[in-house]
Amino acid sequence: MAGISGHWAFTFGVLGNIVSFIVFLSPLPTFYKIYKKKSTEGYQSIPYVVALFSSMLWIYYAFLKTNTTLLITINSFGVFIETIYVVFYLFYAPKNARVQTIKMLLLFVVGGFGAIILVTQFLLKGIVRGQVVGWICLVFSLCVFVAPLGIVRQVIKTKSVEYMPLLLSVFLTLSAVVWFFYGLLLKDINIAIPNVLGFILGILQMVLYVIYNKKEQAILKEQKLPEKLQNHVVINFIDEKNNNLPELTEEQIIDIVKLGSLISSGKIQVASCLHDTICAAKTENNAPNEQQIEEAKN
């Protein structure tokens, strides 16, 4: 049984490496947008800083345990790619966002990781050291999944999914499922437990994306003008007393569109007036010609 679970653990570990590799690459569309706009706009750096710190911790944890080669491989790539993301973000970020990102790097990567290594190496020994580092990894793995909740709050507040990377949410959920089974088969709760929360939060993000993406599309549809209005000139009548445009009902707008169609087709002639002069619109067939006018004069 131990041999079978070991084989399954290796299988899920390989799958975890593949899915996590895609997870690490999933922010590429986001950074392509940043590159095109030359600005980070509403995007935040905290998910990438926390992911970098988490990858560094998991590598340290893997060196303290046995049979964790697959953790070392994927997290080594994670450190590499997350470093590139953070540097790229710093290059295009405005001053305030850049300063905030540097502070987080100093806090997590330099101060936090350095302190963990010093404390665990000099104050802890043997199995206890691995257990403590494992619990620290567990906590910060939860932070990796919780970090995008800042974007979730922004989505709920603005009712827009523009800054919520759906691809990242999908693959984080898949990754959580695979690594949960990997940790379960290895009987390592430090790997299994955080991925339960990761799965729940990933599902939450995808549900919010579906809800607010539909609402956003509905709003954009309502804002579009009818096709008929795009090809006609609409005349607005101004209230002289209040100098405001009167509100038109849907029926009035339809009438204006029909009138515009008749004008453009040449079926009627419209005479426009200034101030209170009375104007009339007559059909071309009923309009008097020059000969009738001369006869009337004589």
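Counting starts with 1 at the first residue shown.
From the backbone N, Cα and C atoms, a Cβ is placed for every residue, glycine too.
Bear in mind that TrEMBL entries carry predicted annotations, made automatically and left uncurated.
Quick look at what TrEMBL lists:
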type	residues	note
TRANSMEM	6-25	transmembrane segment
TRANSMEM	46-64	transmembrane segment
TRANSMEM	70-92	transmembrane segment
TRANSMEM	104-124	transmembrane segment
TRANSMEM	130-151	transmembrane segment
TRANSMEM	163-185	transmembrane segment
TRANSMEM	191-212	transmembrane segment
Task: Contact between the transmembrane segment (130-151) and the transmembrane segment (70-92) (3 or more Cβ pairs under 8 Å, separation 6+) - done: no
Open item on the list: Short question: most Cβ pairs under 8 Å with the transmembrane segment (6-25), which of 46-64, 70-92, 104-124, 163-185, 191-212?
Closed with: 163-185
